[in-house]
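What Swiss-Prot says about this protein:
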- Tyr9, Ser10, Gly11, Gly12, Leu13, Asp14, Ser15, Thr16, Thr17, Cys18, Leu19: ATP binding site (BINDING)
- Cys188, Cys198, Cys201, Cys204: Zn(2+) binding site (BINDING)
Amino acid sequence: MQKKAVILYSGGLDSTTCLAIAKEQGFAPYALSFSYGQRHQQELEVAKLNARPMGAVDHLLVEFDLRKMGGSALTSDIEVPKEGVGEEIPVTYVPARNTIFLSFALGWAETLDCFDIFIGVNALDYSGYPDCRPEFISAYETMANLATKAGVEGKRLKIHTPLISLTKAEIIQKGLSLGVDYSKTHSCYDPAEDGAACGRCDSCRLRLKGFAEAGVTDPVKYQKL
């Protein structure tokens, strides 16, 4: 019987590649997306349209509103920076977001009798978010195996991070080798009303840099700069 895996799936470049990798590795992917009050709602529309065509057995959308807390340019009226990736943790960091996301994934995994979770975090070409680092993932996996019925019963849960040591160009090349259609992904933090990417936020800059280094044209629509 095919093993199940919960895939954190935003509709972005990394999570879409992650879903394709899970499928390549023989897992039956269960896609998990979140509507958390993010300003870039277009990613959810992409996720809804593409989860099942990408091979997801099921696609669950969980809704909660982090705008009530604020603290991030993605969940409040703070302006999204357009001046490139700096050294400090940027204002686009959403406090504890991956901890929250992984906790929902952990709960769904237990419900599904599933012991594998995939998350598309990356520690090379990234914005410096603390919850994308290997040490965070390792600590969370340890906690998950202490905090769940499955873990206590000896059914070890594993958090897979297949992109964590890849450059953005390598991620794109891997996805293309698996047939990922990157025109059906969304990365921009501050898109136009028609969905066109801004081309200037951290996420757009990292994406464009990755495509350039991979020698491939990014197929998504960008605003005229």
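Residue 1 is the first one shown; counting continues down the chain.
Glycine is treated like the rest: Cβ placed from N, Cα and C.
Mapped onto this structure are the features recorded in Swiss-Prot.
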residue	record	contacts (Cβ under 8 Å, 6+ apart)
Tyr9	ATP binding site	Ser15, Thr16, Cys18, Leu19, Ala31, Leu32, Ser33, Ala47, Ala51, Ala56, His59
Gly11	ATP binding site	Ser33, Gln42, Glu43, Leu44, Glu45, Val46, Ala47, Lys48, Asn50, Thr185, His186
Leu13	ATP binding site	Lys168, Ile171, Ile172, Gly175, Tyr182, Thr185, Ser187, Arg207, Gly210
Thr17	ATP binding site	Gly120, Leu163, Ile171, Ile172, Lys174, Gly175, Leu178, Val180
Cys188	Zn(2+) binding site	His40, Gln42, Ala197, Cys198, Gly199, Cys201, Ser203, Cys204
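Under the three-state DSSP scheme, Ser15 (ATP binding site) falls in the helix class.
Within 8 A of the CB centroid of the ATP site residues Tyr9, Ser10, Gly11, Gly12, Leu13, Asp14, Ser15, Thr16, Thr17, Cys18, Leu19, the other residues of that chain are Gly120, Thr185. Note on the binding-site residues Cys198, Cys201, Cys204: the fewest other CB atoms within 10 A surround the CB of Cys198.
Within the group of binding-site residues (Ser15, Leu19), the Cβ with the highest number of other Cβ atoms inside 10 Å belongs to Leu19.
Excluding Cys188, Cys198, Cys201, Cys204 themselves, the residues of that chain whose CB lies within 8 A of the CB mean position for the Zn(2+) site are, in sequence, Val80, Lys82, Ser187, Tyr189, Asp190, Pro191, Ala197, Gly199, Arg200, Asp202, Ser203, Arg205.
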